[in-house]
Structures are given as C-alpha cells and as structure tokens.
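*Asks:* One structure is given below, represented as structure tokens, and several questions about it will come after.
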Amino acid sequence: MPHAKLTDRFGRTVNYVRLSVTDRCDFRCVYCMAEEMTFLPRQQVLTLEEIARVARTFVSLGTEKIRLTGGEPLVRKDILELVKEIGSYGLRDFAMTTNGSQLPTMAKPLRKAGLKRLNISLDSLDADKFHRITRTGRLSQVLDGIDAAKDAGFEGIKLNTVVMKGGNDQEVPELVEFARKKKVDITFIEEMPLGEISDHDRGEVLCTSDEVRDIISQRHELVPTPEDSGGPARYYRMPDSDIRIGFISPHSHNFCSTCNRVRVTVEGRLLLCLGNEHSVDLRRVLRGHPVTNDKLRETIINAMELKPERHHFSTEGDVQILRFMNMTGG
Ligand code: SAM
C-alpha cells in the first residue's frame, strides 16, 4: 500500500488508531458505564467489513499501530475474522484492550490470528471488590485469562488499573506485586470524566498519578525511563524487576502535545480527541461510497484539520463529555 502521512495543524503526526468494534460489554465498570445502559441498534454499528475498510485506509495513510477496543472487543461476534484481516497488514504494532473475561478460550486464537499485544484491565485482586467495581465480573475468570494470555506468547501484556480513592487505591502495592510476579507491565490510570455516572463523584475519588507513584515508592525505587509504547503512558522501571510501571495522567500530566492518536467509534465516528467532541462521520462516507476508498481517504486527511490542540478535563463535577468510555473506545 502507498504510504502517506497524516499530520495535523500543530505538526503532530497521527500514526496510531484505536478502533472500537462494539459498544457492548459483559462488565458494567462503575467508572465506565451507567448500571442501565442502552446499546446501539445493529444498523448503526459498522460491519466488520466496514471496520476493515477503515483500518486499511488508515494503514494506507501511514498508520503503524492499531488497537481494537470497545466496549468489550471479545464479545463482538466473529472478531477473530477482523483480527486475522488486520493481522495481515504487517503493522509495527497490533494490540487489543480487553477485560480478559474471554481470554481463557480466546487468547491462543487471537495470537494465532496475528494480534501482537494485549492490555488487560484489572482493578482489584479481591473477588468481592472486583465484582463491586465491574458489577458483573468474576475475578477468577480474568486471572485465568491473564494466565492464558501468558501461555499464548504475546509480544507484550500490560495490565490497566483505574485508581479510585477509597475504592482500590489501597490495593496499589498488591497489584504491583502481582504484576512483578506474573512478569507483566502495569499502568495506573486517572479516572476521566467521560459520561454521567451515578456510582461516585469522579472529582472526589480522583487519585492522581503522583499519589499512586508515592504509594509505590514506599516499597520500590522507581526510575523514570524515556521508553514509550506509542501511547499516552509515562513509564518507570524498578532496579530488581523487568516490568515497567506506567502512568496515564489526563488530569495531572496532560499528554496532548505528543498526541499521535485518533479513535473511530463503532458507529464510524472519527474522534479527533478523547476529551473533545470534534468528530467526522465516516459511516456516511463508507456507505455512500461502497466500492472504492478514495472518498474515505480524502475525508480522513481533511479531518486532521479538526484535531484540537488539547483537552481540558476538570474535576468540578460538571459532565464535559457526554459519551461514555464504552462509546469512545478506551
Ligand atoms: N472492555 C475493555 C476493557 O475493559 O479493557 C476495553 C474497553 S475499556 C473502555 C478500556 C479501558 O478504559 C479500560 O482499561 C478501562 O478501565 C478504561 N476506562 C473506562 N472508563 C474510564 C474512565 N472514565 N476513565 C479512565 N479510564 C477508563
């Protein structure tokens, strides 16, 4: 495929695309969704072929890294077909973010289909608390999923933990020990104000990355490393372990100046920024031009003009972004 480059008004090159493959999920994490969710009707959702067209077009425009996400990507029917298709594009990096519940059976087929790396969400190692946070999840299933992923031989596995004060912040040391024992990286994430939730006040439970780092530093020396996985995390290493500890800090250490990413929702909305509403409807273009991808390509190139310089998250309790993370594609 001919390689071009996508560049925005601020000189940032966009070479990383996160594709949401479903808004549905088998979990209802308290920071991500409301308890009662209405999901999209089928005709509004891109078909797997349409998602593949979007992926191919981005690759022809210089995309080097694709992440599949959702919702829970592994609850989308025939997801392996899409993984196989995108796996054949020869990307530098091809990853998925998952809650891990389906990995006991899916890890090996995913690896075989060409997926290179997995991010697995894990907010607690206490079965009751895990159930309280996910509302429907079973910890043992996810732990089995992590083991299955290790056995399947992925190039990289990373755990993701959203830290909530009074929720799971006490478990940070234990989660770090777990990651060290399993020899997988772990990233701690500040909760973002996406969608209106009823479980807690997001401002009240915000646990900043600096606070999490202080907790870990009481047990382990943390050495900053300039390593970068092509995403928003800042990484640290410990002298006596091979794993990395990452921090994603949308509130406290804004990562916009190096933003190289865009997202496509499962409705085909190209989101130029996680924390802004700027978007372009790709579904209309896909369905209006079913034979060639020329118009799609042109629309994506022009959309770069809309990418905002930065996001402005506040913790004042006002809902800034109405879409939930399951719609945004985390
Ligand atoms: N279902 C998959 C999973 O659980 O990883 C993929 C989708 S989920 C939306 C992706 C990531 O976003 C998860 O690690 C989740 O913890 C995180 N997330 C969801 N809502 C968030 C929020 N409001 N702030 C920060 N992270 C959030």
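Glycine residues also receive a Cβ, built from the backbone N, Cα and C atoms like all the rest.
Caution: TrEMBL annotation is automatic and unverified by curators.
Annotated domain 'Radical SAM core' per TrEMBL: 9-232, in sequence order. TrEMBL lists Arg18, Arg67, Thr97, Lys158, Arg261, Val262, Arg263 with the feature GTP binding site. Under the heading [4Fe-4S] cluster 1 binding site, TrEMBL lists Cys25, Cys29, Cys32. TrEMBL lists Tyr31, Gly71, Ser121, Met192 with the feature S-adenosyl-L-methionine binding site. According to TrEMBL, the feature [4Fe-4S] cluster 2 binding site maps to Cys256, Cys259, Cys273.
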*Asks:* May I ask which of the binding-site residues Arg18, Thr97, Arg261 have a CB within less than 6 Å of any atom of ligand 1, listed in sequence order?
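*Replies:* By the Cβ criterion, which requires under 6 Å to ligand 1, the hits are Thr97.
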*Asks:* Between Cys259 ([4Fe-4S] cluster 2 binding site) and Arg18 (GTP binding site), what is the CA-CA distance rounded to a whole number of Å?
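*Replies:* About 13 Å separate the Cα atoms of these two residues.
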*Asks:* Around Tyr31 (S-adenosyl-L-methionine binding site), how many other CB atoms lie within 10 A of its CB?
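*Replies:* Here the count is 22.
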*Asks:* Among Arg18, Arg67, Thr97, Lys158, Arg261, Val262, Arg263, which the record lists as binding GTP, how far apart in Å are the two most distant Cα atoms?
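*Replies:* Site span for GTP, by Cα atoms: 21 Å.
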*Asks:* Spatially speaking, which of the binding-site residues Arg18, Cys29, Lys158, Met192, Arg261 is closest to Cys273 ([4Fe-4S] cluster 2 binding site)? Use C-alpha to C-alpha, please.
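*Replies:* Minimum Cα distance from Cys273 ([4Fe-4S] cluster 2 binding site) across Arg18, Cys29, Lys158, Met192, Arg261 lands on Arg261.
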*Asks:* With a radius of 8 angstroms around the mean position of the C-beta atoms of Cys25, Cys29, Cys32, what other residues of the same chain does the [4Fe-4S] cluster 1 site pick up?
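*Replies:* In sequence order, the nearby non-listed residues are Phe27, Arg28, Tyr31, Met33, Glu72, Asn99, Thr134, Met325, Asn326.
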*Asks:* Which residues, same chain and not among Cys256, Cys259, Cys273, have a CB within 8 angstroms of the centroid of the CB atoms at the recorded [4Fe-4S] cluster 2 site?
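*Replies:* Filtered neighbour residues, in order: Arg12, Phe255, Arg261, Leu274, Gly275, Lys307, Pro308, Glu309, Arg310, His311.
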*Asks:* Long-range neighbours only, meaning 6 or more apart in sequence with Cβ under 8 Å: which ones does Gly71 (S-adenosyl-L-methionine binding site) have?
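*Replies:* Expected: Ser20, Val21, Thr22, Asp23, Arg24, Cys25, Val266, Asn326, Gly329.
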*Asks:* Tell me, how many other CB atoms lie within 10 A of the CB of Met192 (S-adenosyl-L-methionine binding site), whichever protein chain they belong to?
*Replies:* 23
*Asks:* Taking the Cβ of Cys29 ([4Fe-4S] cluster 1 binding site) as reference, which residues of that chain separated by at least 6 in sequence fall under 8 Å from it?
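*Replies:* Listed in sequence order: Asn99, Ser121, Asp123, Ile133, Thr134, Arg135, Val162.
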